[in-house]
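Listed in TrEMBL:
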type	residues	note
ACT_SITE	H101	active site
ACT_SITE	D104	active site
BINDING	E232, E268, D296, D339	Mg(2+) 1 binding site
BINDING	E268, H271, D307, D309	Mg(2+) 2 binding site
DOMAIN	120-278	domain 'Xylose isomerase-like TIM barrel'
Amino acid sequence: MNKYFPNVSKVKYEGPKSTNPFAFKYYNPYEVIGGKTMKEHLRFSLSYWHTLTAGGSDPFGVATAVRPWDGQNDDMALAKARMEAAFELMDKLDIEYFCFHDRDIAPEGKTLAETNEKLDEIVSQCKELMKKYNKKLLWGTANCFSSPRYVHGAGTTCNAEVFAYAAAQIKKALEVTKELGGEGYVFWGGREGYETLLNTNMELELDNFARLLQMAVDYAKEIGFTGQFLIEPKPKEPTKHQYDFDTATVLGFLRKYNLEKHFKINIEANHATLAQHTFQHELHVARINNVLGSVDANQGDPMLGWDTDQFPTNVYDTTLAMYEILKNGGIAPGGLNFDSKVRRASFEAEDLFLAYIAGMDTFAKGLTVAYNLLQNGDLEKFMEERYSSFNEGIGKEIVEGKVGLKELEKHALSNNIIVNKSGRQELLESIVNQYIFEGK
Ligand code: XUL
Ligand code: CO
């Protein structure tokens, strides 16, 4: 298809010396690294909402984006044009996966029944295009946050009628995700939080949210949806106190309600930084708890306190992210979903290509650097040595649970000389730099 972006042909890998803005410099999809192609490692995904639906509006101004699918006669014609454009983009960028919310791909009707009919119509168009272009759905989700009906929340609303509506929306979104062969289903709790405890029954809200998640798990079983359920933490925005603050908070919640075996975590880089964590921290916490499920790839602006959802261009961050992902044994059945949007001033259609190329190249470079770092084992060896006191003597006894406070007191009383070693942070940072600069 060459309908919406006639000036851009298929984006090819041309190598780091290329000056062609519409070429990959580092992302060489079929290059094999450690037995897997870059494409298999990275599992890139297009976010429908930021790419096809968003127009660049902000609290101070209307949309600025000039899109080749603008100017349709009605909302369904617009939805269909966007769907065609999505596949042209994925085809030209060689992106295998996409993700959407129900309301991104089809407009809302006057009633829920009408809304579902509209969704079905677009889903059948989507299914045909997926077959034609050999594209896959990474995950689906329901938008239970944009409509005014969700003013007090969806799963955590004070209004049972709204809870029922959200449940109905999630049921339909699960059916649609299954129909399209989705590999996952995400819950991002856009309105699941609160502004003030003066009007909030937090205990009931959290119990109800868990009830909703359990209902989704039960229904998935009933219809035979076997995709991975994911929760996407975010600490703030839109509500002041979002219940799914970060990975550790979500883990505590899942464990309290016995939901931990059904859910993994979808880590978004800019959500991690809003929680005052690094992207790597969140990936690491998820990994060591066996719940690293998928990634929303983007970056924030360290000087701004909100979710800017920028395309990732920071190689340091993508290197450390890929380090965690490699140590996790990969991200499948999750992927790297670009939950990223072009800046408001990057309003031309071509900017979409340039932004995806920048993000894909940055992750590809991060992958190669992280792979080399892990293969050579510089950090691993340092870490091994740093904790080696737990491999023998009293350290081994601590780890094996053979000693208590009394035995440790006896040991400490007989050992008056304690020697610590440097943590060598600056050295380790310069080693990481060396891999980034030289490939090592
Ligand atoms: C919002 C956000 C969402 C989720 C899906 O900050 O990240 O787009 O990824 O609902
Ligand atoms: Co996201």
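Cβ from N, Cα, C; glycine included.
Overlay of TrEMBL annotations on the structure.
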{"residue": "H101", "record": "active site", "contacts (Cβ under 8 Å, 6+ apart)": "Y48, W49, G140, T141, A142, N143, A173"}
{"residue": "D104", "record": "active site", "contacts (Cβ under 8 Å, 6+ apart)": "Y48, W49, L52, T53, N143"}
{"residue": "E232", "record": "Mg(2+) 1 binding site", "contacts (Cβ under 8 Å, 6+ apart)": "V186, F187, W188, D244, I265, N266, I267, E268, H271, D296"}
{"residue": "D307", "record": "Mg(2+) 2 binding site", "contacts (Cβ under 8 Å, 6+ apart)": "K234, E237, N270, H271, L274, G300"}
{"residue": "D309", "record": "Mg(2+) 2 binding site", "contacts (Cβ under 8 Å, 6+ apart)": "H50, N270, N298, G300, D339, S340, K341"}
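The 6 Å Cβ screen around ligand 1 retains E232, E268 from the recorded positions D104, E232, E268, ordered by sequence position.
The recorded positions near ligand 2, defined by a Cβ under 6 Å from one of its atoms, are E268, D296, D339, chosen from H101, E268, H271, D296, D309, D339. Summarising the environment of D339 (Mg(2+) 1 binding site), the number of other Cβ atoms within 10 Å of its Cβ, over all protein chains shown, is 23. Same-chain residues with CB within 8 A of the center of the E268, H271, D307, D309 CB atoms, the Mg(2+) 2 site residues themselves not counted, are K234, A269, N270, L274, D296, N298, G300, T308, D339. Mean pLDDT, taken over the domain 'Xylose isomerase-like TIM barrel' (120-278), works out to 98 on the 0 to 100 scale. Same-chain neighbours of the Mg(2+) 1 site beyond E232, E268, D296, D339, judged by a C-beta within 8 angstroms of the site's C-beta center, are, in sequence order, W188, K234, N266, I267, A269, N270, H271, V295, A297, N298, N337. The DSSP secondary structure for D104 (active site) is helix. Of all the Cβ atoms in the protein chains shown, 27 others lie within 10 Å of the Cβ of D296 (Mg(2+) 1 binding site).
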